[in-house]
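Notes follow the structure.
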Amino acid sequence: MAKRTIRELDVAGKRVLVRVDFNVPLDEAGRIVDDTRIRAALPTVEHLLAQGASVILMSHLGRPRGRRVPALSLAPVAERLSQLLGRAVGMAPDCVGTEVAAQAAALQPNVRFHPQEEQNERTFAQHLAELGDAYVNDAFGAAHRAHASTEGVPRCMGAGASGLLMEREIAYLDETLRCPQLPFTAVLGGAKISGKIELIEHLLDRVDALLIGGGMAYTFFKAMGLEIGDSLLEEDRIDTARQLLTRVEKGGLDLQLPVDCVVADRFAADAQVQVVACDAIPRGWQGMDIGPQTRQRYADQIARGGTIVWNGPLGVCEMVPFAQGTQQVALALAAATREGAVSIIGGGDTAAAVAQAGLAQAMTHISTGGGASLECMSGRVLPGVAVLDDEES
């Protein structure tokens, strides 16, 4: 999946249209809570500016669903980007139109204010394409969407290159996972099995060990006939979990489920808590985290890994009493990385948990994509990547 990058473009004196992913979280006052995605795009923006290009940035923010929503203006992003770059960043009133064309050297529109963006409407894509002389996609977090700014524009322009962030995401989430440093270990958590069935199926035959945690574990336990109390359960996925377990047994595959868990009498940080074996969850109680035995088992498995990919928290980590499993796995990944392993973190919640533990710099790669990283790790072709020019051999 290697693609031509901005290093191969002659951009001096040209207007370069760059699709970035500045879909950052805002608080109620419209202030940016986490600027990670803005910082992640800086190398690409700075490279283009240093090469003499006029950079036109376009992004989406939130889900305005084709309507103008003032609260989802990219104005706070433009202000923060200006601070990070140490230079003025202009803010356009829209992403197409006469006035915008006149301001094209300093564009930063929210493309999703237009329904034609998500419809990948060709005329809209053509209007966007007319703003620049070259196209770069550095918005990995939106690359799984075939939208006008991610897929339509490069088709209209007949060429497109990846930015430095996109290049790094492809290198780790596609190329490294296709040829991993062995042993290859995957850690999957999160609330539901439904969003990760494709990923589990894709990884099962490729990894040396697949470690399961989070809410999805309880659907597996139910499929095994165990009592799970009031733990999270996807009734419509029990058969799917049972089929996966049968596949594991027949294929001699290594899928590991928790052996103990932390349970609570209600879903609250101040709930009554106890540690029980996973086949002894009391009725009326619910699983909230992996237990100490499981934490140690998973840490030992991670320590043996050559490549470790992690997607999804292993407990309700936003509540301090139930964050220990996620934190210990993060510490284990950091330690393995120091010993030479490749650690790849995919998924917004996982990235946030690693950052909260103060271990972001200890990992090899933390993806900026949520759905995009999940789909890429599942082996899917991302429309926003497929349309870019292939790397010249």
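Note that the numbers count up from 1, one per residue, in the order the chain is shown.
Any Cβ shown, glycine's included, is placed from N, Cα and C.
Positions annotated as substrate binding site by TrEMBL: ASP21, PHE22, ASN23, HIS60, LEU61, GLY62, ARG63. When Cβ atoms from all protein chains are considered, those within 10 Å of HIS60 (substrate binding site) total 28, not counting its own.
Annotation comment: TrEMBL describes ARG37, ARG112, ARG145 as (2R)-3-phosphoglycerate binding site. Counting every protein chain shown, the Cβ of ARG145 ((2R)-3-phosphoglycerate binding site) has 20 other Cβ atoms within 10 Å.
Residue environment of GLY348 (ATP binding site) contains 19 other Cβ atoms, counted within 10 Å of its Cβ in all protein chains. What TrEMBL lists as ATP binding site is LYS196, GLU318, GLY347, GLY348, ASP349, THR350.
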For ASP349 (ATP binding site), the number of other Cβ atoms found within 10 Å of its own Cβ: 18
Max Cα-Cα distance in Å among ASP21, PHE22, ASN23, HIS60, LEU61, GLY62, ARG63, the residues listed as binding substrate? 13
Listed binding-site residues are ASP21, PHE22, ASN23, GLY62; which of them have CA atoms within 10 A of the CA of ARG37 ((2R)-3-phosphoglycerate binding site)? ASP21, PHE22, ASN23
Name, in the order they occur in the sequence, the residues of the same chain whose CB lies under 8 A from the CB of PHE22 (substrate binding site) and which sit 6 or more residues away. ARG37, ILE38, ALA41, LEU57, SER59, HIS60, LEU61, LEU74, VAL77, LEU81
